[in-house]
Amino acid sequence: MAAPALGLVCGRCPELGLVLLLLLLSLLCGAAGSQEAGTGAGAGSLAGSCGCGTPQRPGAHGSSAAAHRYSREANAPGPVPGERQLAHSKMVPIPAGVFTMGTDDPQIKQDGEAPARRVTIDAFYMDAYEVSNTEFEKFVNSTGYLTEAEKFGDSFVFEGMLSEQVKTNIQQAVAAAPWWLPVKGANWRHPEGPDSTILHRPDHPVLHVSWNDAVAYCTWAGKRLPTEAEWEYSCRGGLHNRLFPWGNKLQPKGQHYANIWQGEFPVTNTGEDGFQGTAPVDAFPPNGYGLYNIVGNAWEWTSDWWTVHHSVEETLNPKGPPSGKDRVKKGGSYMCHRSYCYRYRCAARSQNTPDSSASNLGFRCAADRLPTMD
């Protein structure tokens, strides 16, 4: 039975609060759709929080004590040069440089893609790959960490990836994006619900991780989340004023460079790039800095709080506003298509609450120096 389209899902909210939140989301999504309708062919049909990206946990502020604790440890003085390096997932050096962040030709104006501004970035390191299921499992086995999706007991999953048995047990959906369903038992170990597993995809990106979960992992690994500026600088791979990490053409010489949606969304994904869901983290050619799947495949968290108002004067290692409600995510996912979610461009951006999770949301880490043993 198809799930009725409700404006919001929150099994943990009082009934009165839920009604109010439903009304608020309906108003917000309607406004977002009206704004985006006039942004041209490249614009998505829904705001990031309503359809293109990942549904948000409504007003939830899940326990982030572990993430904050790990963050404090990560900000402690680093090890001195010469100490033995940890065995860690591959990181690549990102050289210092100046680049144009954002764009003066925004495709989704309300996302705050504009204006173009010159930004200087110090040298740092970036994970060559999105954090995989295998890498995240090492973290969980070492620490006993429970993700917020596991604590809440559910997470959002794209309907097209669900079994019929799981769908029959779902009574609610997101009105603005009915292909997003809240699935009990969906988490990083069970990306499509309790009858799914990651055993056959250890090298795929870990999914259903909140911003707090990502911070906890990166800090445990001696790393951190990249800033939005670092992420976008890395995405461009040394190229200037280009849409994608490899240039301006989506498929140069007919070759696929990213895992995105082909076909009519959300009805048919033809999988012309070889995948209908996520791909292994080393799929597709790397960009000029050696980064794989920096766009498409899975959305990636950054450390910045969300804002659509950018200072053109903050030109050295910008870190975004000091506070906010949502965190910035970049890169788009396997669900993105130009007709609906043209957010697999380096300048594109979206947002989610720090405790939100879904079946297209992952991350990769950055570091000022390569992690070392204590």
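Each residue, glycine too, has its Cβ placed from N, Cα and C.
Swiss-Prot annotations:
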type     : residues                               : note
BINDING  : GLU130, ASN293, GLY296, ALA298, GLU300 : Ca(2+) 2 binding site
BINDING  : ASN259, ILE260, ASP273, PHE275         : Ca(2+) 1 binding site
BINDING  : CYS336, CYS341                         : Cu(2+) binding site
CARBOHYD : ASN141                                 : N-linked glycosylation site
REGION   : 341-360                                : region 'Interaction with sulfatases'
SIGNAL   : 1-33                                   : signal peptide
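In this structure, ALA298 (Ca(2+) 2 binding site) belongs to neither helix nor strand by DSSP; it is coil. For the region 'Interaction with sulfatases' (341-360), the mean pLDDT of the prediction comes to 98.
Ranked by Cα separation from CYS341 (Cu(2+) binding site), the recorded positions GLU130, ASN141, ILE260, PHE275 are led by ILE260. In the three-state DSSP scheme, ASN141 (N-linked glycosylation site) is classed as helix. DSSP assigns ILE260 (Ca(2+) 1 binding site) to coil, not to a helix or a strand.
Within its own chain, the region 'Interaction with sulfatases' (341-360) has Cβ neighbours under 8 Å at 42-44, 48-49, 51-57, 59-62, 64, 101-103, 106-108, 111-113, 147-149, 152, 155-158, 161, 180, 186-187, 191-192, 207-213, 228, 232, 235-236, 242-245, 258, 260-261, 265, 278, 295-296, 298-299, 306, 325-335, counting only residues six or more beyond its boundaries. Under the DSSP three-state reduction, PHE275 (Ca(2+) 1 binding site) is assigned to coil, being neither helix nor strand. All protein chains considered, the CB of ILE260 (Ca(2+) 1 binding site) has 25 other CB atoms within 10 Å.
Excluding ASN259, ILE260, ASP273, PHE275 themselves, the residues of that chain whose CB lies within 8 A of the CB mean position for the Ca(2+) 1 site are, in sequence, HIS256, ALA258, TRP261, GLN262, GLY271, GLY274, ALA279, ALA283, PHE284, GLY296, ASN297, TYR334. Here is what falls inside 10 Å of the CA of GLY296 (Ca(2+) 2 binding site) among the binding-site residues ASN259, ILE260, ASP273: ASN259, ILE260. Other C-beta atoms found within 10 angstroms of the C-beta of PHE275 (Ca(2+) 1 binding site) number 20, with every protein chain shown included. Other than GLU130, ASN293, GLY296, ALA298, GLU300, the residues of this chain whose Cβ falls within 8 Å of the Cβ centroid of the Ca(2+) 2 site are, in sequence order, PRO205, ASN259, VAL281, ILE294, VAL295, ASN297, TRP299, GLY331, SER333, GLY362, ARG364.
For the pair CYS336 (Cu(2+) binding site) and ILE260 (Ca(2+) 1 binding site), the C-alpha distance works out to 5 angstrom.
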